[in-house]
Each structure stands twice: as structure tokens, then as C-alpha cells.
Amino acid sequence: MNNTMNIEEFLAESPEKQGYRCGFIAIVGRPNVGKSTLMNHLIGQKVSITSKKAQTTRHKVTGIYTDDTAQFIFVDTPGFQTEHRNALNERLNLNVTETMGGVDAIVFVIEAMRFTEADRRVMRLLPKHLPVLLVINKIDQAKAQNKAALDEFVGQVRAEFEFAGVEVVSAKHGLGIANLLHALKPFLPESAPLYPEDMVTDKSSRFLATEIVREKLFRYLGEELPYAMNVEMEQFKEENGMYRIYIAVLVERENQKPIVIGKGGEKLKKISTEARLDMEKLFGCKVFLKVWVKVKSGWADDVRFLRELGL
Ligand SMILES: Nc1nc2c(ncn2[C@@H]2O[C@H](COP(=O)(O)OP(=O)(O)OP(=O)(O)O)[C@@H](O)[C@H]2O)c(=O)[nH]1
Ligand SMILES: [Mg+2]
């Protein structure tokens, strides 16, 4: 394809390419199986944040991969919560079930050699009328190296649900990604692309900026991370070719503030420096970033407040 041509022009000029496909694919699974890592590798750019901690993804994030024959619109969803029940988790789960209702196919992600009750509960929610591809992730791990045991594991999971197919991948190492795209393509309806070919996400720079800060909080606070914590964009301005971004970190109690700030402000400084560098890379311009901590109590159970956050 000529580089200056967009896909619509390309299709218009090439009647033999009329079989172009485009559609939506939801990525679902229990927390921490690697859904966001997988989506980032599928689209070749980091638009969804990832971490060792469960429940990293709170908003669904769209990632778009376009080639000459198809456009795949992936929707990365929050890990489906079957344990802690509160307003936040109820909304996150609702988000996942709603997403599954509006797609052409589903990728159900599990970890190699580890199929838990939590996985099973998510599996039971999978719609029967849509193609569901079983994706076994983390095959790079030592426990997945025994081929016979892995085959047996796959066989056991397949026996529990009518999957349209199965793919084994290592999202982290980019293994099996091309095969996965190939397996998904037939599930997409014939359609012209819905998004411009150079678009990788439908999320705004504002949204991506708050997500980046959240990822650094997850990274640097580790186990100390207050469960009820969120980030809020206070200001986002473009000025002389650079972005000025002000972001507040919301915690529930005054005594959680020092956890985020650290001794002598050290942690918060590290978090904002790393976030600023990631933003500069993603946005391709200089960024001035100010991050601070605010107390907003009871927010995890305040559904109205969650709506304001767009959850
Ligand atoms: N070894 C290994 N680790 C992986 C792989 N894919 C993801 N991980 C790790 O698994 C952890 C969770 O990854 P995420 O992509 O954040 O998982 P998620 O399913 O999106 O998690 P939630 O958003 O919390 O539901 C991170 O520490 C990843 O680095 C993989 O293929 N191999
Ligand atoms: Mg995630």
C-alpha cells in the first residue's frame, strides 16, 4: 500500500480488497492474568497500564491494530472480581459484562497451568452466542515447559466450555501474538475500517495521562498501595508546544497521605518523574507535570462519585 494513502482510498482503488474485515474483540479474564500486557503487544504500543498487582485496570481501554486486510478493535477490561463485593467492584464487573454484549468475539485469558475457581466463575459468564477464543498466557514460565502437562491442562479447560479455538502465548515476551491475530481475523465481520489506520486507541491524552500516573503508583507503592485510591485530572493545558498537567491522587484517609508521599517527598517525586518521562514519550512533546495527594473519604463505596469518574 502506498504510504500516503488511507485505507478508505486504498479499498476504493482495489476492488479485490473488498473482503476487508473490522470488528471488536473483548479481552476478559480474572485479575492479573495478563490481559493488558496482551493487548499492548497485540497493538504494538503501550496504551493500557499493567502491574504485578491484581485490579490494575479500572477503565476499559480500547487498543486498535490495523493492517492491510483487517482492523482489530480490542477492548481491554478490568479483571473480573468474584471476591470483594463493593460498589467499585460491582461497577467494574458491570463494565465487563456490558462490554461482552457489544463485541464480535471474545478472548478469554487464563494463566498456563493455573485454572482457579475465579477463572471458572468468569468462564461461566461468557456468552454462548459469540465465538470465544481461549488464550493460555504466560507460557514462558517454568511450570509451563512440560509439553504433555500443558496439553493435558488445555484439554481439561476446553472440556468445560465450547471454545471456538485455543492459542498459547506469552504476552510479556510477544510469543504467539501473530498466531492469535490470525486466529481472530475470521471472527471479524466484513467491513471497512472504523478508525483511521494510524490510531492506536480511542482514549484521550487526558485519560492516558491519569492512567500513567496510576501505573507508577502501582509500581512504586507495591504492597503499601491503599486499596481505595484514585487519580483525578485537575488541569490539562497545551501551552507553547508543551503540556501542563496537574493531577491529584485521592486517598481515603489523612494517614494514607504519607504512604504516597514518602520520606521527604521522595516517593511522590519518583512517581511524577517516571510518569512525566512516559508522557513525553507517548505524547512526543515536553511535559510539565504536578502530582499531589488529596483526601476524599468513602469514595470506593460512593457510586455517584464513581460515575463522575466515568466508571
Ligand atoms: N511471566 C509472564 N508474566 C506476564 C505475562 N503477561 C503478563 N505478565 C505479568 O502479569 C502481571 C499482570 O499483568 P497485567 O497485564 O497487568 O494483567 P491484567 O490481567 O491486565 O490485570 P488486571 O488489569 O489487574 O485485571 C504483570 O506483572 C505482567 O508483567 C507473560 O506472558 N509471562
Ligand atoms: Mg489490566
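Glycine too: its Cβ is placed from the backbone N, Cα and C atoms.
Range 137-140 is the one annotated as region 'G4', of 17-20, 137-140, 145-148 (source: TrEMBL). Your range for region 'G3', going by TrEMBL and the list 76-79, 264-267, 296-299, is 76-79. Remote same-chain residues near the region 'G3' (76-79) are listed as 26-33, 35-36, 39, 48, 54-63, 92-93, 95-96, 99 (criterion: CB distance under 8 Å, separation of at least six residues from the stretch ends).
Listed in sequence order, the binding-site residues among ASN32, LYS35, PHE80 whose CB lies under 6 angstroms from an atom of ligand 1 come out as ASN32, LYS35. Cβ contacts within 10 Å of ILE139 (GTP binding site), excluding its own Cβ and spanning all protein chains shown: 19.
Taking Cβ-Cβ distances under 8 Å and a sequence gap of 6 or more within the same chain, the neighbours of ASN32 (GTP binding site) are LYS52, LYS53, ALA54, GLN55, THR56, GLY79. The 6 Å Cβ screen around ligand 2 retains LYS35 from the binding-site residues ASN32, LYS35, THR77, ILE139, ordered by sequence position. Other Cβ atoms within 10 Å of the Cβ of PHE80 (GTP binding site), summed over all protein chains shown, number 22.
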